[in-house]
Each structure stands twice: as structure tokens, then as C-alpha cells.
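What TrEMBL records for 15-97 is domain 'Phosphagen kinase N-terminal'. Here TrEMBL flags 124-359 as domain 'Phosphagen kinase C-terminal'. TrEMBL lists 127-131, 285-289, 313-318 with the feature ATP binding site.
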Amino acid sequence: LPKGSFFKSYLGNFGRGSPEEEFPDLARNATWMGRILTPAMYRRQFNRCTDSGVIFDDVIRVGDVSGPVSVGCLAGDAQSYILFCDFFDRVIEAYHGHKISSQTPESDFNYDNLKGGDDLDRSYAVSCEVSVVRGIEDFSFPTHCSRGERRQLLTLARTALQQLQEELPGRLLPVEELTLDQQRELMLTPPSCVQLRTGVARDWPDARAVWVSTDGSLVVLVNLEDHLKLVSTQDDANIAKAFQSVCVNLLKLEALYKKLRHPFIWKQQLGWVASSPAAVGTGLKTSVLLRLQHLPQHRRLQDVLKRLRIRMDKTGNQETHSLLFIYFYNAATFGPSEVALTQLVVDGVKLLIAMEKRLECDGGIDDLVPTQK
């Protein structure tokens with residue numbers, strides 16, 4: 001029997017009730033999973049199991065502890081997106097606002113196609129960060145990853161990053177060897193309740209590592225929330241420079257992993273996939289930290305952000321009672337290309353700054369409100 005069939009049979013014989021008995025309570029679940037999952041859909045997925053042993057309950061386990069704009073689910077492996085497509089496709093389409101079709105998702109890593117991004121007004125733009133996540137073929141995702149798999153992933157990363165160092169010097173730092181001060185300096189936080197519950201932080205900090213370039217232009221996280229996450233941060237809010245760093249080094253790592261016979265995971269209709277449906281397509285997040293006083297209180301801000309396809313997160317830091325620091329970032333990763341998504345953030349942030357300036361002079365912003373992107 002295939003491995004998945006064995007697990008399905010095993011689980012069916014030990015303590016599992018019927019689909020009706022096992023259906024989760026979604027009464028107070030505001031995630032996309034909670035909105036989309038029905039008893040009929042649950043029943044269809046109930047006895048399915050991937051070759052690595054992922055069942056549908058593993059996928060939806062995170063739902064009741066995720067935020068209101070969260071997908072509320074995580075894939076246990078790449079096959080989950082295929083086997084449970086009846087569920088995942090609907091979550092992906094709802095979250096990203098883009099229909100899945102037979103066409104291959106567009107991809108564009110040519111950073112020269114980005115217009116602007118190096119000219120944000122520094123009176124408002126504090127810093128920026130561009131990140132991208134990738135899953136590695138032949139390995140389960142973090143929620144379902146075994147110790148052995150995780151250690152193999154670290155070995156692969158060490159080999160690939162050693163070769164990357166020939167062009168971009170840096171060093172690999174195992175998390176278990178870092179002091180708390182060093183972890184804070186690298187912006188590493190202890191595992192959250194969600195990560196502990198879902199298994200993402202299982203055996204922490206075993207086989208987790210951070211690679212840091214000598215010039216500080218790039219950080220690569222290994223086995224944290226995803227197999228790989230590349231991050232470039234710019235304290236001068238130069239999005240163009242951060243985007244270029246990620247694009248150049250991601251393509252180099254992609255080639256190195258192919259040589260190691262463990263390419264990044266790509267699905268024909270979804271593009272690049274990782275553990276979260278919120279990251280399918282490009283896996284890209286472009287974030288800008290703005291210092292604002294008037295716009296956060298404006299009645300039309302949420303409408304403007306929806307039209308721009310941008311989300312916001314308040315940091316909790318503020319210089320005065322009214323001056324806020326807020327992160328703005330792309331709402332979706334699926335549909336537009338990498339350049340197009342970053343362009344949305346560049347153009348959107350410039351518009352938000354223009355609105356803040358208008359409000360500083362007691363002017364209105366209705367004529368600046370864009371049409372739906």
C-alpha cells in the first residue's frame with residue numbers, strides 16, 4: 001500500500017469518529033477557512049490522505065487561533081494543494097481575490113521593470129522590507145516536517161548558501177547557538193502559540209538557522225515558518241534596492257537548489273507554493289513603514305487600502321499620542337507578477353503620503369481616492 005493509504009487505514013481504526021462527529025465548531029471562526037468550510041466539503045476530504053500522511057484535519061487545525069484576515073489553514077505538504085483542492089482553491093481565490101485558471105501564473109523577476117521605489121519621501125517613509133518564501137521539493141512543510149527532514153533541509157541550505165557566499169559573503173548561524181540578545185538583534189522572536197500548536201515550532205530550535213550577508217543586505221531564514229525565507233531590509237526605505245537584492249539572490253538560490261536535485265516547489269496553476277495559502281503564487285511581501293498623523297484617523301482609509309489592494313498593521317510604537325508608525329504591504333501574492341505586486345506597493349505608498357500631506361494642510365482627499373485596482 002502507498003504510505004498515504006496506510007496512514008488513512010491506521011487513522012480510521014483508532015479513535016476517529018464520523019465526519020459529522022468530527023466537523024469543527026466554526027461559530028466564532030472569522031478566517032477564510034471558517035467562512036468556506038461546509039459539512040459537505042469536510043465529508044469529501046475526510047478520508048483523503050497524502051503520501052506523507054497529511055489528513056484534512058491537519059490542514060484546518062490552525063483555524064480557530066488565526067486572525068480575521070487570515071486563511072486559517074496550512075498545507076502539510078505540496079500534495080495537500082492537489083488532494084484537497086476542492087477546499088484550498090476556494091480559500092486561495094477568496095483570500096487573494098483572483099481566480100485559479102489553467103493558465104500558468106505570471107512571473108517577473110526583472111527588477112529593472114520596477115518604476116520608482118527609490119524616491120519615497122523620507123519625512124514619512126521610515127524603512128522597507130521585501131521578503132519571499134519558498135518550499136523545497138520532496139520535503140513536508142513545517143507543520144508536518146519530521147526531525148530528519150528538517151535536518152536534511154538545513155544540510156541542503158548550508159550547501160547552497162556556501163556556494164552563494166562566493167558572490168555574497170555571509171555566515172550561517174544556528175538558532176540554538178544564538179544568545180537571546182543575538183536573536184533579538186536578528187529580529188527573531190520565540191515561537192508563538194500558533195506555531196507551537198500547529199507543529200511549526202516542533203523540536204525548537206533544532207535545525208533552525210539564519211544566514212546573514214556580511215553587508216547586511218540579505219537575511220535567509222531556514223526552517224522557521226517556511227523551508228526558506230529571504231528578507232532584505234532597507235533603513236532608507238529604498239524598495240527598489242531591497243527588491244533587487246531579493247530577486248538576484250533568489251534566482252541564484254533557485255539554480256543552486258536545482259543542482260542539488262531539490263528544486264523549489266512549483267505548481268502549474270498556483271505558481272510557487274509554501275505552507276500557507278496566503279503565500280502561493282509569488283510568496284512575495286513588500287512592506288513599507290510609514291510615519292503618519294492624520295490619515296490613520298480618516299474615515300476613508302480602509303476604503304482606499306481596499307482599492308489599492310494594500311493592507312496595514314500598526315506597530316504599537318508612536319512618537320506622540322497621534323503620530324503613528326504603520327506597516328503597509330501587498331494584500332495578495334497570487335495573480336500579479338513579482339514586479340507588479342511591488343509596483344502596487346510603491347504607487348500605493350506614494351499616494352498615501354500625498355494624502356497625508358493634503359490632510360496636513362486641512363485639505364480633502366476625495367479627489368485622490370483611486371479606482372479599484
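Keep in mind that glycine also has a Cβ here, set from the backbone N, Cα and C atoms.
Assigned with DSSP, the residues of the domain 'Phosphagen kinase N-terminal' (15-97) fall into helix, strand and coil as follows: 40 helix, 2 strand, 41 coil. Neighbour density around each Cβ, counted as other Cβ atoms within 10 Å, peaks among the binding-site residues S127, S131, T286, T315 at T286. Neighbour counts were taken at the CB atom with a 10 A radius for the binding-site residues E129, D313; the maximum falls on E129.
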